[in-house]
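Copied over from TrEMBL, here are the features:
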type: DOMAIN; residues: 53-289; note: domain 'Orn/DAP/Arg decarboxylase 2 N-terminal'
type: MOD_RES; residues: K64; note: N6-(pyridoxal phosphate)lysine
type: DOMAIN; residues: 291-385; note: domain 'Orn/DAP/Arg decarboxylase 2 C-terminal'
type: ACT_SITE; residues: C358; note: active site, proton donor
Amino acid sequence: MASAPAPHRRDRAVRAAVSQSLLSPDRPVAALLDTEGVRASAAALRAAFAAVTDAPVLHAFAVKASPLVPVLRLLYEEGLGAEVASPGELALARAAGVPPHLTVLDSPAKTVAELREALALGIAVNADNPQELARLDALVPAAAAPPPLGLRVNAQVGGGSIDAMSTATDTSKFGVGLRDPGARAWIVRAFLDRPWLTRLHTHSGSQGVPLARMAAGVRAVYELAEEINAAAGRRQVDTVDIGGGLPVNFASDEETPTYEAYARLLAAEVPGLFDGRYGLVTEFGRSLLARHGTVLARVEYTKTTGARPIAVTHAGVQVAARTVYAPGSWPLRIAVYDAEGRPKGGPAVDQDVAGPACFAGDLLAAARPLPLLEPGDVVAALDTGAYYFAHHYAYNSLVRPGVYGWTTRPDGSVRFATVRPPQSVAEIVAEAGGDLRDALVRE
Ligand SMILES: Cc1ncc(COP(=O)(O)O)c(C=O)c1O
């Protein structure tokens, strides 16, 4: 469990990262992951659902949020499985040792080969649409022991504050739109025709969707499960996968909303889903990891242009693509440290915290009031443990920074473990066809 308030622990880790040279003039960007914090979040998730139901619950971590094998392994050790949405994510989960029965395959674009592999491995699959169900119709009879199979439903309960994160709008690309004309009857029939279809899946959205709306989506799918089971005259739907989507507070160190609050809300709004008749699957991603990650970058230069102080750092679009391209939706907190990694004080001055990429919008923060930055200082982009540094964007061929998990020893000192080594320039060349130099100039 976290031993001290988050900011103090983080400050200690930044200081140690500088003194242990994870960050240096030659290696000016690095990412840190608070291992104890991740463990604490996983434990809080499990406890929150255990407090509201005795039913079996598989918490399948959404691998897309942090596709790093040691992270998946850590979460597996904490009792979580994996929700995967591509062959790559499945390979990562397998490399982490997550067993098939704790793995769930989603994604709206599964190929026949992916479906066949999932069936052979015994991995649960949520079909996205009628055409995918037709593919399963052809594959299931040949499967020795088909894994749990389900159908994704878009409850169409509405979106949230970020369009790109809203998966339960009328026209979202995921699942079968429950409120579309004729869809409900079609889904019930689809289950009656397929005795092996035993799950319903929904994920009403990620960051920006209000909890009440997510709960309404879960309720809609629960009511559908009841309807299917009544029509079937048996408990054909035995498990409901409620997806993930708990939003993260990017504005302060206060952890809100909590898993506990969401689980209680769900149990109050959809009591029948928690009375033990249904197994549950969850697919949380961002809420497990975001707050435990920090990007550190050295300030290379500072300048003033048009009266605006600008600090040019080594962290920008390559580690914070969402913030750079959609700053209004994804503002990040920035903490500042001096060259030794000590918290930096001083009067706040509005300044831009810029990245190294060659386009004007490459900013971690614009006109942000912070102590005036100087060359050699360290900026920390907070809450970047999910969908940020693990999702490198290769603009300007900037190297992927190293990722280091950290824990504190009883004496307060910080121990780092490499999660992902820093990429080398030679690797960039190799990945960019370095061995194929003459591919386009030969006959
Ligand atoms: C099907 C599915 N499950 C789970 C998640 C994870 O969502 P979050 O990271 O917001 O918890 C996503 C995110 O896109 C998703 O598409």
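Here the Cβ of each residue, glycine as well, is placed from N, Cα and C on the backbone.
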Checklist entry - For C358 (active site, proton donor), what is the secondary structure state per DSSP, taken as helix, strand or coil? => result coil
Item to check | Average model confidence [pLDDT] within the domain 'Orn/DAP/Arg decarboxylase 2 N-terminal' (53-289) | outcome: 96
Checklist entry - Per DSSP, what is the residue tally for the domain 'Orn/DAP/Arg decarboxylase 2 C-terminal' (291-385) in helix, strand and coil? => result 7 helix, 45 strand, 43 coil
Checklist entry - Which whole-number value in Å describes the distance between the Cα atoms of the residue listed as 'N6-(pyridoxal phosphate)lysine' and C358 (active site, proton donor)? => result 27
Item to check | Cβ atoms near C358 (active site, proton donor) (within 10 Å, other residues, all chains) | outcome: 10
Checklist entry - Once the chains shown are all counted, how many other Cβ atoms turn up within 10 Å of the Cβ of K64 (N6-(pyridoxal phosphate)lysine)? => result 23
